[in-house]
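Undergrad: Below is the structure I would like to discuss, written out as structure tokens.
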Number of protein chains: 2
Amino acid sequence: MTGGTPLRSLDEDELLGRILPGFPASKDLVVAPGDDAAVLHTSGRVIATTDTVVLGRDWLDAWSSGADIGHKVVAQNLADVAAMGGHPTGVLVTLVADPELSLEWVLDHVRGLAEACLAAGVAVLGGDLSSAPAGVVMVSVTALGRLDGEPVLRSGARAGDVLAVRGSLGLADAGLRLLQADTVDLLPVAVERQRRPEPPLAAGPEAAAAGATAMLDLSDGLLRDGGRIARASRVVIDLVPQALAPDVAALSGALGAEAALDCVLAGGEEHSLLATFPTGSLPEGWRAIGSVRDPAGGEAPGIVVAGRAVAHTGWDHFRDA
Amino acid sequence: MTGGTPLRSLDEDELLGRILPGFPASKDLVVAPGDDAAVLHTSGRVIATTDTVVLGRDWLDAWSSGADIGHKVVAQNLADVAAMGGHPTGVLVTLVADPELSLEWVLDHVRGLAEACLAAGVAVLGGDLSSAPAGVVMVSVTALGRLDGEPVLRSGARAGDVLAVRGSLGLADAGLRLLQADTVDLLPVAVERQRRPEPPLAAGPEAAAAGATAMLDLSDGLLRDGGRIARASRVVIDLVPQALAPDVAALSGALGAEAALDCVLAGGEEHSLLATFPTGSLPEGWRAIGSVRDPAGGEAPGIVVAGRAVAHTGWDHFRDA
């Protein structure tokens, strides 16, 4: 990401002149980037969320291009909007970088951001540029969205509901393991998913309309994120291992059975949607993988696999850094 | 900012448990921090802007406390909302930090953020935490606002308008110079303004209602920011030096006449509001400091002081870093 033209060789207006024309606008954008702030038409409720990626923590240049990181940081933010039952409408993007960072990396990154926004029908509303100490590159995105009905929270799961997933399980973590082992040819689709998650954005509002009682996107793994729904809703979620067998089988050839199960149960960065629905109201494309019940006497809310409680696992930013 | 309890000694949930209770909510906040995203009631148009501060670039720990930085990053974001003619409603806050950063600094910072938000009637909608390489601390804020009428852009100034300012000029830059010279006792009010800007937030929507034709907040200095209005509006702005004499006089005792004039004309981080109004429609509290005219034959749009064109000056992130 260094080499080529360093950012410090351009002034801020020149740099913005290279960046801004690549960004999509939208019919709802009343004031586009360039003034003090953007102005966006919206309905009565606006959704807002933010997520940041840091070089060396969230990505390595050996494994991901600038465009990959652009796709990924947009996808993980828009997934949070979808997981509330909303339609993403716009993003703000902040780049904080070592002035030695190459302009070529930045323009590739901007291309990835713009492609991901265009694909989702989302406008780039604005952003900020700032310099950072040597070696630091950080991209922070805030996503806004429109909510037509009621938000789908994590706390609404009720006894008798079905737990269901929309999208893949464990693929992104499998891709990370293949990159770490330098065996990417064993399952290229997993490596591609690690680089560019594909959250099923339209499925979020569809689930809300179908009566989903709780929903989130899988960023930290099925056990940890499922446990969040269980604890917020004060219920027990029984995962059905047989329902996960196809997901495990899809990864076993490349990783072996044990690692494949790990990926499916605890793999992060997948950004598929996990939700609970009243029995009989599962929309098309969702797969039932468990059920919701009230805790038995003395039992703690949480997630249970084949009758055994499991601890949530996953990444912790400051401890695991 | 190190020493005390390092962030790495807490897990993310413990850290959030220490941070979130200090943040103000609001009656418009439908879903508070803790779910995938926040949900906010709003009217038909939402304003969005983002601004980031980086340790060593935007502040030094020797000169500013964590609480000062919290106040400042909120103030500079809310000023951008006000400069569109809007009412700020909420912020999202991202902290990217070295895991050795002390919890005490973070809690002091959060106190400053919360105080500034409470004073402005603004809710904390959400945020993100991420770790960073050694020595890095960065705070990124996105502010949202409500726009009741039309946005006031930079491009609406017209010949015959009056240029006016609401708030002080040069005080924050004077404070920076006193900190650099270790002579803070010469003008403590300037040092306090450098640490904690006080944008006149309510004056933004008031100016919009009074018919302001262009507006921005002074983040990069009167000449540079005034030049932005002039170029966006394709007009010439004549600054009246006599109108700035009281501002210069207020700083001359501490800095000498030449540095005082520099601060007033080119000092950044003031976050006062600069706007143009049709003659006779200046709201209370605004001071006329210039006038707007069409360019003479061959003259470039820009800002003119006592009849002489002046180059815009100011900070450039990647070049001056």
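Every residue gets a Cβ built from N, Cα and C, even glycine.
Automatic prediction, not curation, is the source of TrEMBL annotations.
This is the feature table in TrEMBL:
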DOMAIN    B:34-146  domain 'PurM-like N-terminal'
BINDING   B:Asp36, B:Thr49, B:Asp80  Mg(2+) 4 binding site
BINDING   B:Asp36, B:Asp80, B:Asp217  Mg(2+) 3 binding site
BINDING   B:Thr50, B:Asp51, B:Asp128  Mg(2+) 1 binding site
BINDING   B:Asp51, B:Asp80  Mg(2+) 2 binding site
BINDING   B:Asp58, B:Glu269, B:Trp315  substrate binding site
BINDING   B:Gly127, B:Asp128, B:Arg154, B:Ser219  ATP binding site
BINDING   B:Asp220  Mg(2+) 5 binding site
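Tell me about the surroundings of these features in the structure.
TA: B:Asp36 (Mg(2+) 4 binding site) falls within neither a helix nor a strand when secondary structure is assigned with DSSP, and so counts as coil. If you draw a 10 Å sphere around the CB of B:Asp36 (Mg(2+) 4 binding site), it holds 26 other CB atoms from the protein chains shown.
In the structure as shown, the Cβ atom of B:Asp217 (Mg(2+) 3 binding site) sits within 10 Å of 29 other Cβ atoms.
Other C-beta atoms found within 10 angstroms of the C-beta of B:Asp128 (Mg(2+) 1 binding site) number 20, with every protein chain shown included. Secondary structure at B:Asp128 (Mg(2+) 1 binding site), as computed by DSSP, is strand.
Shown in sequence order, B:Val73, B:Gln76, B:Asn77, B:Asp80, B:Ser140, B:Val141, B:Ala143 are the residues of the chain, 6+ apart in sequence, with a C-beta less than 8 angstroms from the C-beta of B:Asp51 (Mg(2+) 1 binding site).
For B:Glu269 (substrate binding site), other Cβ atoms within 10 Å of its Cβ number 21.
Counted within 10 Å of its Cβ, the other Cβ atoms near B:Ser219 (ATP binding site) come to 23, all protein chains included. According to its DSSP assignment, B:Ser219 (ATP binding site) is coil.
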Undergrad: When C-beta separations to chain A are restricted to under 8 angstroms, which of the binding-site residues B:Ser219, B:Asp220, B:Glu269 qualify?
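TA: Qualifying residues, whose Cβ lies under 8 Å from chain A: none.
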Undergrad: Between B:Asp58 (substrate binding site) and B:Ser219 (ATP binding site), what is the CA-CA distance rounded to a whole number of Å?
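TA: Just about 13 Å between their Cα atoms.
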Undergrad: Which of the binding-site residues listed here (B:Thr49, B:Thr50, B:Asp217, B:Ser219, B:Asp220) have a Cα atom within 10 Å of the Cα of B:Glu269 (substrate binding site)?
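TA: Correct set: B:Asp217, B:Ser219, B:Asp220.
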Undergrad: Return the count of C-beta atoms lying within 10 angstroms of the C-beta of B:Asp80 (Mg(2+) 4 binding site), excluding that atom itself.
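TA: 28, counting other Cβ atoms within 10 Å of B:Asp80 (Mg(2+) 4 binding site).
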